[in-house]
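Feature annotations, reproduced from Swiss-Prot:
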COMPBIAS  614-631  compositional bias 'Low complexity'
REGION    610-631  region 'Disordered'
TOPO_DOM  1-63  topological domain 'Lumenal'
TOPO_DOM  85-91  topological domain 'Cytoplasmic'
TOPO_DOM  113-173  topological domain 'Lumenal'
TOPO_DOM  195-205  topological domain 'Cytoplasmic'
TOPO_DOM  227-261  topological domain 'Lumenal'
TOPO_DOM  306-354  topological domain 'Lumenal'
TOPO_DOM  399-423  topological domain 'Lumenal'
TOPO_DOM  445-472  topological domain 'Cytoplasmic'
TOPO_DOM  494-530  topological domain 'Lumenal'
TOPO_DOM  552-887  topological domain 'Cytoplasmic'
TRANSMEM  64-84  transmembrane segment
TRANSMEM  92-112  transmembrane segment
TRANSMEM  174-194  transmembrane segment
TRANSMEM  206-226  transmembrane segment
TRANSMEM  262-282  transmembrane segment
TRANSMEM  285-305  transmembrane segment
TRANSMEM  355-375  transmembrane segment
TRANSMEM  378-398  transmembrane segment
TRANSMEM  424-444  transmembrane segment
TRANSMEM  473-493  transmembrane segment
TRANSMEM  531-551  transmembrane segment
Amino acid sequence: MTSIINNTNSTVFDSTNNGNMAILEPVQPVSKGPKGITFSGQTFVVPETHDMVKTLFDPTVRKSNFELIILGCLFSNLLVFLIPNNQIRIYIFIALYIFWRLSYNFGIGWLLQNQSNHNLLVSWSQKYKLFEPGNTSFLAKSIQNEIKSQRGENYDIKSMPVEFNTWLIFRKFVDLILMSDFITFCCVVYCSAIKNNYQFFNNQSSWLVYSRIVFGTGLILFNLWVKVNAHNTIKDYAWYWGDFFFRQINNEELIFDGVFEMVPHPMYSVGYVGYYGFALIAKSYVVLAIAIFGHFLQMIFLHYIENPHIDKIYGPSKNEINLIKILKLKDLKNFDNLKPLVGLTNFNWMRASDIVNLVLSLTYGIIIPLFANSIKSLFILTVGMKLFESISINLLLTLQSYFKVVTKWSLSNDIPVEKSLSNWAVLYNSLINLTYSSLFGMNLGYFLQKSSSSSSSSSSSGLLFSDWFYLRIFLGLLLVYTQFWINFSIIDSIGYFGWFYGDFFIPKSQSSIKNITTAGVYRYLNNPEQIFGVCGVMGIFMIYPTVENFICVGLWVVNNFIRINFIEKSHMVKLYGEQEVNRDSGVTKTVKKHLLPEVIQRRMSNDEAYARTNGISNGRRKSSNNSHSNSVADSLDNFIRDLRNSSTKLSQQKLIELSQNLSFANSDYKLTIDGLMQSTEGELKYTTIGTPVTISWTSPEKNHSVRDWVGLYKIVQTSYSRNKTILSSAGRWTWCKEANGTFIFDREKLFWEEGVYEFRYHLDGKHEVAYISEPFEIKSVELDVPAIEEYANEFAENLKLEIFDKVINLTNINEAISPIANQSDNVIEVYKLISSMISKSTKINITYKIFLNHDLLSIKDVAIKLINIKHVLEELSFNITTDKKDI
C-alpha cells in the first residue's frame, strides 16, 4: 500500500496534446469529498468507502453480493475442524495459507504490475464494456449488480469513471484474498498451539509461558496499532492501491507521518511482527516458518510491485534525479572515481588495497583458526584487534577534528585533500575488516573444536544457555542481516563521503555536502548505527552464547557509543550547528505524538525551546547528500511508450514507399524541408545531429485553421498509421498560424540521435494527418582527430562549430564548459549528449565523466585529450602489429 500526503496545487497535462494544458471537465456535480482524477484527465468526486473489517463484519453496513460470498468462504474454513486428526488439519490449513499467500503476492501482484504498466484491469473493463448500461452479458450484469449492492440503487455507474468502478471490483478480490490469508494463518496458529495436548503452555516453567504470552500479545497489539495507524493515515485510497487506478487531487506526495515516520514501509516491515507474536504464543516452529515465508514473500511484493510504482508516481523529478546523480558521481571523485571498498563490497581485482584486504580477511577469519591451539588465543587476538581498531580510529578522528593533523600532513607533502580521504578510507575499512574477520575466526575456531569433540554433552559446554537452538539461529541471522541492511541504507543515504567521515577531511567549501541529511534511514533514526551498527555482533552471540562473544558484544557496543556520542557528535555540532543537529528523528516524533500524554509533550516542547535558547545540544550523526523532495512523476500512456521505445527497422522498399508520399499525392497541403544534403542519388537526404531544420508548409486558405500544427516524428514509430498520429510529439511541434509559412526546428525541437524522421501536418489541433513530408536521415558529423597537438586549436574550433555550439553557448574554445553547462536543467544529459556526439563523430569513445572531473575543462582541453587518446591507441595498435611481425 502506498502512502500519500496533501499538496497545495496540481496541474494536469495531456501527454497526447503536445504539452498543452487539457481542459478537465468534472463528470458529476461538485460536492464534498476528495477529488479524484484519472490518468486520462477525467475528474470526479471520490465517494466514501470503508475498510475491509468494517465492510465485512460490521452488521450496520450493507453487505454486497461479493461480500456475502467472501463471508461464506471465510466461515467455510470451520469445516476443516470437523476432521478429528489435528495434524491433518494443520497440513490443510498450511496448504490453504500458502495458496492465499501466493494469490496475494503473485496474483494481486501480477494484476497490480500490469495495471501500473499497461492499465490492464481498466482495459479489461473497457474491452468487455462491464459498466455499460446496455450490456446484457452475464459478466457485465453481475459486475453492475455488485456495484449497485455496494453503493446502493441510487449510485449512477455511468457517471463515474471506469477506473473508479474497476477499483471497486478489485477491492473485493483484495478483501477475499487478504482476509482468507489471515484467517487460515490464525487457524494454523490455533491448531499448532493445541497440538500434543495444548503444548503451547505445557513442558515449560510457568514464568516462561507467561512471558511468551505477554510478549507475543504485545507484538500482536503493536502490529494492530501499526495497521490502524497506517489506515488512519493513508485511508482506503492507498490501502487498496487506489493510485494504481486514479489519483487524488492535492494528494500527490508520499506521506511521512504517524507510523510512516517511524520505519520505512511499515505495512511490510513492522506490520508483520504480529505474525512472530503468534508463533511465540503457539510455541511452534511451524508457525514461525510460515510467518517467515509470508513475510519474505511480502518483501518480494514490496520490491517488485510496490516500489517501482511508488517511484513512477511519487518519485523525484528529472532535475532531482539529475542532482542525485551528480552528487553521487562527485562523491566518487574523492575515491579515485571508483566505489571504495566497504567490507569486501565493491571489490576490485585491479586495486592493490582490495587484494590486501582479502588476504588479511582470509588469514584472520579462516587460516589462523584452522591452526589455532585454543579458543583463548583466538579470543585474545579478537580483543586485541578490536582495541587496536578502537583506539587508533578514535584517536585519529579526534586529532583530525581538533587539529587537522591528517590534512596538514597531506598538504605539506603536496598530496591533495581528496587523496587524504581516499587513504583514510583504506585504513578505516582495513581495520574494520580485521576486527570482524577476527570475530568470525574466533567463532569458527569454537565450532571446529566443539565439532571435533566425541562427547555429545560437550557440544553445549561453554555456552551461557543452550535452549531454543533453532530460534537462536533465526534471531541471530536476522540481527546479522539487519546490520548489513542498515549499513547499506546508511551508505545509500549519506554516500561513501559520509560513511568514511568525509566531513572530517574535506573542507565544507570544497564539498558538495552542505547540510545534515534527513533522507533515507536518517528520516527515522538520527543515529541508526548506534544500535543497529553492532547488532550483527549481538546476533553472533545469540547463535553462540559464549562468554567470549558476550565480552566482544560489550567491546563493540562501548566503542560504538564512544565514537558516536563523544567524537562524531561534537564534530557535527561544531560543523553544522546545534539547531541543525538537534532535530527529532521520526521515531522520536511518533513516540511523542502517539505514546506520550499531551501534558508531557507540552513540557518537553517547552524544555526544548529553553534548551535551544540557552545553547544546550543533543547532537546527531554525520553529513550527507542534500535530502531531496519527491515530486509527482508524470503518468504516461503505456501503449504510446511502447511505440516510443520501438526499435523496429524499416526496409529500404518501405522507405521508398514512404518517400513517394502516395497517400497524399493529390493533397492541397504541402510540406518541404530546406537545406538537406544528399551524398548520392537514390540515397535518403540527410542532415547532421543538432543542425537546425527549416520546414515550409502550404495549405488552402479557405480550409486553414490557426490550430493546424506540424510535428516531428521517428518513422519507425509512426509508420503504423499514415492518416492519424497516435504518438505524442513530445514537444517537437509548432503551430501553423498562417496558411503559408516556415519554421526552424532546433535544440529541444529536434531529435538528438541518429535515425530516419518525417514531419507531419495535422489539422485543427487534432491528430488527423493532412500531409507527411519526405523522410530524411539524421547522421553524426564526421571529424578527423589530428595526430599531433599542433593542430589542437583548429580541431577545437571544429568541435565547437559542429558539436558544442549546437548544445551550449560558449564564446571561445578556451572558455570553461562547466559553468555554462550547469545552467541547463539537466546537466548530466547535456554532458552525455556532448560525449555521445564526440564519440560518434571522432570514433573515439569518451564518457561524460571527463566533464565532471575537471570544473575548468575547455573545448581546447577536450581536443587535446582526444589527440592524446588517439596517440596512445595508435601506439598500442602499432606495438601489437610489431609484436606479431616479430613473432
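Quick reminder: no glycine exception, Cβ is built from N, Cα and C everywhere.
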Checklist outcome for this item: Its residues classified by DSSP, the topological domain 'Cytoplasmic' (195-205) shows 7 helix, 0 strand, 4 coil
Checklist entry - Taking every residue in the topological domain 'Cytoplasmic' (552-887), what is their average pLDDT? => result 75
Checklist entry - Do the transmembrane segment (285-305) and the transmembrane segment (531-551) come close, with at least three CB pairs under 8 A (pairs 6 or more apart in sequence)? => result no
Checklist entry - So, by DSSP, how many helix, strand and coil residues make up the topological domain 'Cytoplasmic' (85-91)? => result 6 helix, 0 strand, 1 coil
Checklist entry - Counting Cβ pairs under 8 Å that are 6 or more apart in sequence, does the total for the transmembrane segment (64-84) and the transmembrane segment (424-444) reach three or more? => result no
Checklist entry - Among 92-112, 174-194, 424-444, 473-493, 531-551, which stretch has the highest count of C-beta pairs below 8 Å with the transmembrane segment (378-398)? => result 424-444
Checklist outcome for this item: Answer key: the stretch among 174-194, 424-444, 473-493, 531-551 with most Cβ pairs under 8 A to the transmembrane segment (355-375) is 424-444
Checklist entry - For the topological domain 'Lumenal' (399-423), DSSP counts of helix, strand and coil? => result 20 helix, 0 strand, 5 coil
Next on the checklist: Can the transmembrane segment (531-551) be said to touch the transmembrane segment (174-194) if we require at least 3 CB pairs below 8 Å and skip pairs under 6 apart in sequence?
Outcome noted: no
Checklist entry - Residue counts in helix (H, G, I), strand (E, B) and coil for the topological domain 'Lumenal' (113-173), per DSSP? => result 43 helix, 0 strand, 18 coil
Item to check | Folded-back contacts onto the topological domain 'Cytoplasmic' (195-205), same chain, C-beta under 8 angstroms, at least six residues removed | outcome: 86-87, 90, 212-213, 281-284
